[in-house]
């Protein structure tokens, strides 16, 4: 038993929770969480992958939108904001990578912990809402092309994007209260990805509200838009048109992101919180360990959207792909004399792409 207590102290597990995964305190009892080595290496490995690919992909995307995609269309505004949200998130990953390689001993202070969790949730729900905006924009362009001409302007997209940022920051602000650091019995510091036990019940209510209004409702809107888009593509004569191809890519990529990244995370986060609250009998301890381990897997999957979104810009945007190819060719031939002035070339490119794609181009 003494060896078990020493092992518990080294691993950050509460010693009184070791006996069969069950603890008997003065007034309450609860299951312990058996953390395996897999959990210490899985998340930092995923975060390293996301940081490298997400940093490069979103840097290129932001560079393209700022310097090579002018003038922007409405959908370009949404995609730029999506890339910006992803880029801000990947900048926070080095601290998390160090945290997990350091056996989850947080050394950066309480404020940085709160900011870390806040930015993660801002990226998570900001990405969901911007993907919803992109889907609604594409729906109106495909299903109601004439009625939507005035609604797809860049100015309206700027207003909607500003509203999205304000809404997300306001809704996620409570994370700054719920998250934070805590001291384990072995004196190491944890950075809560949810909250401490004392705030768990109110956090569960808050988490359910954000899940319903910031995930479930947007997901239903996206499914409705894509169902109507697919119906329109079937019945309209859009064979081999750029709009048809871009719409199909958009449907596939966004639904894949939701199925792989967002949906599993929200399901397992809710189940993990429920287990911490109510599944605290001796018979449920092994089940709770499995729920917690699976939840950690989905946390890694939830971060993958930051490196998958650049694929959306490339595959679902003919204009983005052409201008990226043109920009890379121009950078490799800077020493060659320009035959055409920059303004003439830009005018020609804009007229050509507008003729091919209209206002829904990207």
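Backbone N, Cα and C define each Cβ position, glycine as well.
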Do residue 32 and residue 284 end up on the same side of the membrane, going by Swiss-Prot? yes
If Swiss-Prot is the reference, give me the range from 204-226, 227-249 marked as transmembrane segment. 204-226
Of 250-273, 322-345, the range Swiss-Prot tags as transmembrane segment is 250-273
Fewest C-beta neighbours within 10 angstroms among the recorded positions 102, 272 belongs to 102
Among the recorded positions 31, 276, 285, 293, whose Cβ has the fewest other Cβ atoms within 10 Å? 293
Can you say which of 41-63, 115-136, 204-226, 250-273 has the most Cβ pairs under 8 Å with the transmembrane segment (293-314)? 250-273
Between residue 113 (disulfide bond) and residue 293 (ADP binding site), the C-alpha gap once rounded to whole angstrom: 22
